[in-house]
Amino acid sequence: MAWFKREKKGISTSTEEKKEAPDGLWNKCPNCKKALHSADLLENKYVCQYCNYHLRVGSKEYFQVLFDNNQFTELFPNLTSGDPLNFTDSKPYTERLIESMAKTGLKDAIRAAHGKIEGEDLVVACMDFNFIGGSMGSVVGEKIARSIDYSIKHKIPFLMISKSGGARMMEAAFSLMQMAKTSAKLALLSQAKIPYISLLTDPTTGGVTASYAMLGDINIAEPGSLIGFAGPRVIKETIKKDLPKGFQTAEFVLEHGFLDFIVDRRAMKAKLAAFLKMMKN
């Protein structure tokens, strides 16, 4: 004879009583794997409160972090890529563009805006890694070029936030042209004596590193960012040697003289405002 008898076979909850967490309410830190509430992430500028890992975010979040009261005027919002080469890999390039636009809500891998940081005017161009790996195509180059022209015309400092896997292979030479195009525009910005600040975030690689990302009057990076040209695996296979510990991290690049500062995202707005005030005076 059983000591206990279960009167009810199981516990059931009516559908009306069930409560589900809304999508996007919780995130997991890629570094320490701890759960992060979206409200805490927003308050902490998308930096893990446990291990200080800087989560990858896009232009929407950077504009939110940097611009006063999240107020800004978006510049050149309707530029979209063509397909002059009729490129097809696993799928047609035009189809890939349409899918990326639907998935991200973006027109391409960059957005540009004019706003204020602690009262100081600033033009910001920010790349989005979620759009085809933040790859640099003709629209990315054109938006940067037009943003620089806008900065020169209105005499406003320019901030470039890079986050990219490099040149967009689907546009071939049209993509590579953007390296020279943006570098030439930055030379005009320098001639006009207008400050250019380059912020390198995780990851900044390929043709972006080899052009505008490293040409700032001040080059800044976020902690732990991957910064380089070719990837570490490709380099290791080429030179047949083990790479130094921490190779291609922001800290390694700073130590070897290619960066001026590493700045925590939570202090970024104040640091940028200080630079702007210093350069204006």
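Any Cβ shown, glycine's included, is placed from N, Cα and C.
The region 'Disordered' annotation in Swiss-Prot covers 1-23.
If you look up Swiss-Prot, you'll see 25-281 marked as domain 'CoA carboxyltransferase N-terminal'.
Of all Cβ atoms in the protein chains displayed, 18 besides its own lie within 10 Å of the Cβ of C29 (Zn(2+) binding site). In this structure, C29 (Zn(2+) binding site) belongs to neither helix nor strand by DSSP; it is coil. The feature Zn(2+) binding site is assigned by Swiss-Prot to C29, C32, C48, C51, with sequence analysis given as support.
According to Swiss-Prot, the zinc finger annotation covers 29-51. Note on the zinc finger (29-51): mean pLDDT across this stretch is 95.
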Residue among the binding-site residues C32, C48, C51 whose Cβ has the most other Cβ atoms within 10 Å: C48
Cβ-centroid neighbours of Zn(2+) site C29, C32, C48, C51, 8 Å, sequence order: P30, N31, K33, K34, L36, Q49, Y50, N52, Y53
Task: Can you see whether DSSP assigns C48 (Zn(2+) binding site) to helix, strand or coil?
output: coil
